[in-house]
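Shown below is the structure under consideration.
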Amino acid sequence: MSQDAAIAEQTPVEHLSAVDSASHSVLSTPSNKAERDEIKAYGEGEEHEPVVEIPKRPASAYVTVSIMCIMIAFGGFVFGWDTGTISGFINQTDFIRRFGMKHKDGTNYLSKVRTGLIVSIFNIGCAIGGIILSKLGDMYGRKVGLIVVVVIYIIGIIIQIASINKWYQYFIGRIISGLGVGGIAVLSPMLISEVSPKHLRGTLVSCYQLMITAGIFLGYCTNFGTKNYSNSVQWRVPLGLCFAWALFMIGGMTFVPESPRYLAEVGKIEEAKRSIAVSNKVAVDDPSVLAEVEAVLAGVEAEKLAGNASWGELFSSKTKVLQRLIMGAMIQSLQQLTGDNYFFYYGTTIFKAVGLSDSFETSIVLGIVNFASTFVGIYVVERYGRRTCLLWGAASMTACMVVYASVGVTRLWPNGQDQPSSKGAGNCMIVFACFYIFCFATTWAPIPYVVVSETFPLRVKSKAMSIATAANWLWGFLIGFFTPFITGAINFYYGYVFMGCLVFMFFYVLLVVPETKGLTLEEVNTMWEEGVLPWKSASWVPPSRRGANYDAEEMAHDDKPLYKRMFSTK
């Protein structure tokens, strides 16, 4: 038996629990101390010896880890599928007949209240599931946690399919499936961020958003394929396909590595080393792997010594956790306030308003643009950084929304809303809606998930991510529920509301959101603790790579006025 194997056998989880209960570090046990000493031997040497980092390899070397992360990211497809299909369901005749009401003349319709509830209650389930079920990732591991929440999602789908003519049964099913998707939305980006190589982390976490867009697009296509049926095939077939997506994800979990940070936290040091080695395509005993494990263990040990994390700790400013939580919740909230779900939830309804004969087809066009554009987003997030992309995204979406709303308000109905709409104005609105979707899909669609997944320290990560993601779901509910009422009252003036939010987003990112491109999760944590100013964060250097003349204090202070910061050429 090798020395590594012998050490691994001496670190049982039961012993870890006993140590934790006595308020000692997981690394203070003799066996784990030996493991730690072995690892530190590779990271320590002469005082000026550079830190050993995992080397970058050719792109072909990362095919395996990329495929594994795509399997994890498939949870986003589940969410996207719901978004794409529900927008069509509320316009399908059989769905309206079963779950709607009747006018005095006998025609069926869905009231604005019922439409808003059916569409948006899913988000409330997601918010609750994200907060409650994300804890499974800390208790049983990210992989097991994902499998459990997918099973909960399936239960909700079964209830929806079994609904015959009671809208509240379908309503309850959407809440339960939302619980599962809420857990997925926290655990999927979390696991991807923890297993992916640092120089690919932004790209691979963005795959979660890519899967969302794929789900939306294929959901639109499925609605288009079933719209000509006159029975429940219209909506039950798209729901039935959810079983295939769920089973694919559960099967994929058997092939992906567990989070090395979770494994280190529960004392499985050897497995943590293997996870890092697999993800980075290097040997388990490579010095760079041992150095990486050492960095993870140092963070875990510090968190263990501090005791169990409580919900109250999220509101402490001691280690900048509160500031990070506010930033994460704001970024996720602002993603919804871009107005994306105004198009995705009600796209079919919107394009009916601009006079299209088949609004289902136009929804497919939006879905194609959304899906294809996300590939660009996967590239730019690592090429240009999180902060730069968010700034450009907010500016470009503002321009698109101004044109879209202005044409809708001033040109769509030249002779009044009771008269036919202008075809030219309608086409212009569709074009700028596509431009808007392109700008959103390349920036604000994937990057909030990236930023939130790499912002929080391990000890509060699941709690903080669940709160931040819950903010996204809450705003999704509000937009989904109130949009029918708002558009009924002010129509395309609604676009100006989103335009105002987009302007605010630009300045919020400029002043609050730091750049984290190319940093390990531990380095991101250090940057926050040092209080680095967001507009200086792109120039920040981790302690392990600093020269003798580096001034860390200067990164946390700036006497230059705001207007000079914004327009300075230096």
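From the backbone N, Cα and C atoms, a Cβ is placed for every residue, glycine too.
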In Swiss-Prot, is the topological domain of Arg57 the same as that of Ser363, meaning both on one side of the membrane?
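Topology check (Swiss-Prot): Arg57 vs Ser363, domain names differ.
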Of Asn228, Asn308, which one does Swiss-Prot label N-linked glycosylation site?
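Looking at Swiss-Prot, the N-linked glycosylation site feature maps to Asn228.
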Average pLDDT across the topological domain 'Cytoplasmic' (513-570)?
78
Within 10 Å of its Cβ, which one of these glycosylation sites (Asn91, Asn228) has the largest number of other Cβ atoms?
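Selected residue: Asn91.
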Count the CB pairs under 8 A between the transmembrane segment (202-222) and each of 61-81, 117-137, 175-195, 237-257, 389-409, then give me the winner.
61-81
Quick one: pull the CA-CA distance for Asn228 (N-linked glycosylation site) versus Asn91 (N-linked glycosylation site), whole Å only.
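Counting only the Cα atoms, the answer is 12 Å.
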Do you know the DSSP helix, strand and coil residue counts for the topological domain 'Extracellular' (223-236)?
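For that range the per-state counts are 8 helix, 0 strand, 6 coil.
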